[in-house]
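Listed in Swiss-Prot:
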type    : residues               : note
BINDING : C230, C339, C350, C356 : [4Fe-4S] cluster binding site
Amino acid sequence: MLDPFSEKAKELLKEFGSINDFLNSIPRIVDVEEVIERVKIASDRKLLEGFVDIEDIKDLAQFYALLGALSYSPYGLELELVKKANILLYSERIRREKEIRPEEISLRINKAIEFPIDDLKKIERVFGKLPEYTIHLAEFLDLIPGERLSEYYIYNGNVYLRKEDLIKVWMKAFERNIEKSVNMLYEIRDELPGFFREVLGGIKEVAEQEFGKSGEVKAGTLRPDLFPPCVKNALKGVPQGLRNYAITVLLTSFLSYARICPNPPRRNVRVKDCIDDIRIITDEILPLIIEAANRCSPPLFEDQPNEIKNIWYHLGFGYTANPKLEDSGNSTWYFPPNCDKIRANAPQLCTPDKHCKYVRNPLTYYLRRLYLEGRKNASKGGNERGEKRVLQQ
């Protein structure tokens, strides 16, 4: 298996029915120890040989065991460890393969067969040999937007790639596909067997050995500059018809989880499981919700004064205007709606930016932005053993 996101891999997965069926089958195909051994490739490349030639189904089971585990901690050093180990493994397989077929890799490539006669000698002189593959220029730029095109031969809207170039582009696609898949599994993580939490525990141990610290995103002061576009739009105030969804459903759930419990261990968590003082809600979260409600046209609480009780209900305190912390659990603390639901119920709020393509929920958008910001700051600080090592391949 050259790429777990390829068409060939998708055909194998279809034999199990749905992705949920495959995930439930994984504990019967592989064990926790061999899955954890796989991520150790990141620090010991000698382990590669034990994984290069394994059977396709077993390979997919090990890989999806890691993705399922990451759904409980989608952004952190665990993600970087899984990326690094699997990029090393799959790129080595691609490197050893004599010829790459389009169905074996998650890039829309073709065999390079068309070269203008006048360019042949120049191509061989500049690149050493004729490029073997082509990819459409638009896809290339989407994956590697900052790449210098002058270093590639481009003809008829296609970028010509040698195998080493192909691997570079593939790595970018692979990283994006991992994030997308983890975000997809994030939505169903409460349905996964306990096996995946065991795997996550093992990944965390290896990550701490490899990077020397924990990279988990924790609760803290809100960063509005890192909020997703839909939340920023809701904070500006919305017209009648969108008010209840934008304020009570989206903002209430997003702001509360983002501030109190950005990476909840489960969906049925209660506010009192995460904080000891209700003033975090009354002094930090509720004012933001009320300000956004007052910016609506007309202001939400002017014609719906009881909607404040509904906000507390969505926070898990029951239908009340004056709750105490111990009331937490009287109703469900609503989780932020996913992107599909926002698009369906309030399409005006959905104005995607470049980060949105990686996520499926506004909360994971925020987690991702927080993590990337932390990684950038750590890199600036010259953290030799920590974040800088994450980026080494």
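Glycine is no exception: its Cβ is also placed from the backbone N, Cα and C atoms.
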Cβ-based neighbourhood (8 Å from the centroid) of the [4Fe-4S] cluster site, residues C230, C339, C350, C356 excluded:
P228, P229, I342, R343, L349, T351, P352, P362, Y365
Do you know which of the binding-site residues C230, C339, C350, C356 has the most other C-beta atoms within 10 angstroms of its C-beta?
C230
Which of the three DSSP-derived classes (helix, strand, coil) applies to C356 ([4Fe-4S] cluster binding site)?
helix
